[in-house]
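Data block below; observations after.
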Amino acid sequence: NFSRVTEFILLGLSDTRELQVLFFTFFFLAYAMVLLGNLFIIVTVRTDPKLSSPMYFLLCNLSFIDICCTSVTSPRMLVDLLSQRKAIAFEDCIAQLFFLHFVGASEMFLLTVMAYDRYTAICKPLHYTAIMSRQVCWVLVFACWAGGFLHSVVQTLLTVQLPFCGPNKIDNYFCDVPPVIRLACTDIYATEWLMASNSGLISLVCFLVLVTSYTFILVTIRVRFTEGHWKALSTCAAHVMVVTLFFVPCIFIYLRPFSTSPSDKHVCVIYTVFSPVMNPLIYTLRNNEVKASMWKL
């Protein structure tokens, strides 16, 4: 009700026409890989009875979240790369911001749950089936989505209550909280601290929980090393790669109130494009069971 700005201008990754065409080709192929790769994982897990363990159930949900996460930003980015005027309506910008944080936070929580699943399987193998039952898995997945929704509601409400009456150029290829709130015509000191303590701390705490889980796993494997534990270690190594690609850029972006850099939009590419692309590659090429099921399918 207090906003005079009806649209924002997304400056994108580059204003050079040749680079825009190059970026369009690369990101179109990346988006196609995300859709096809993750859909293939979902179909494979759902159709093969051998892939019914909690790890593959969580992997199936991770693939679905990756599709949602990249679909929030990539289609709009691809259209803007071929457009002369990269304008987005105020309501569309807020909607993109909401869904980005909704699925992004849900993925953070889900990756943490997947680390807990590996910790339970390796450190408490005799109690694994009782601890990670199908009912528990459903509850954990629902909690991930609920947590992501609550986080996104807070971020969105803190943004829409700000007055926007002046500049409307966003130095990014999508609408996100840090660049949007800096266009507000008011003091955003308290708002930036609240948002940093929300998004930044969620990213940092989830990352620390993940690091702690993998530390316990490594200690357990070192004490009692067997062929089965080597397989578990390989699975965890792939998980660590996904975690690093996703969490480190998020911590860099959201745990820095009152600071901005032109390189921020390039860092965003890592967790909005590269991380979803790497997930199907890592979980198929480094997992013999999934590869065998895919060949069978």
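Each residue's number is its place along the chain shown, starting with 1.
Glycine is treated like the rest: Cβ placed from N, Cα and C.
Here TrEMBL flags 37-283 as domain 'G-protein coupled receptors family 1 profile'.
Taken from TrEMBL, the feature transmembrane segment covers 20-43 (among others).
According to TrEMBL, the transmembrane segment annotation covers 55-74 (among others).
According to TrEMBL, the feature transmembrane segment maps to 94-116 (among others). Outside the transmembrane segment (94-116), and at least 6 residues removed from its termini, the chain residues within Cβ reach (under 8 Å) are 55, 58-59, 61-62, 65-66, 68-69, 72-73, 76, 88, 140-141, 143-145, 147-149, 151-153, 155-156, 159-160, 174-177, 180, 199, 202-203, 206, 209-210, 213-214, 239, 242-243, 246-247, 250, 271.
Annotation comment: TrEMBL describes 136-154 (among others) as transmembrane segment.
Counting residues 6+ beyond its ends, the transmembrane segment (201-221) has Cβ neighbours under 8 Å at 105, 108-109, 111-112, 115-116, 118-119, 122-123, 151, 229, 232-233, 236, 240, 243, 247-248, 250-251, 254-255 in the same chain. Sequence annotations record features per position, and here TrEMBL assigns transmembrane segment to 201-221 (among others).
If you look up TrEMBL, you'll see 233-255 (among others) marked as transmembrane segment.
Annotation comment: TrEMBL describes 267-285 (among others) as transmembrane segment. Here the transmembrane segment (267-285) has long-range neighbours at 13, 27, 30-31, 33-34, 37-38, 40-41, 59, 62-63, 66-67, 69-70, 73-74, 104, 172-174, 176, 238, 241-242, 245-246, 249-250, 252-253, 291, 294, meaning same-chain residues at least 6 beyond its ends whose C-beta is under 8 angstroms from one of its own.
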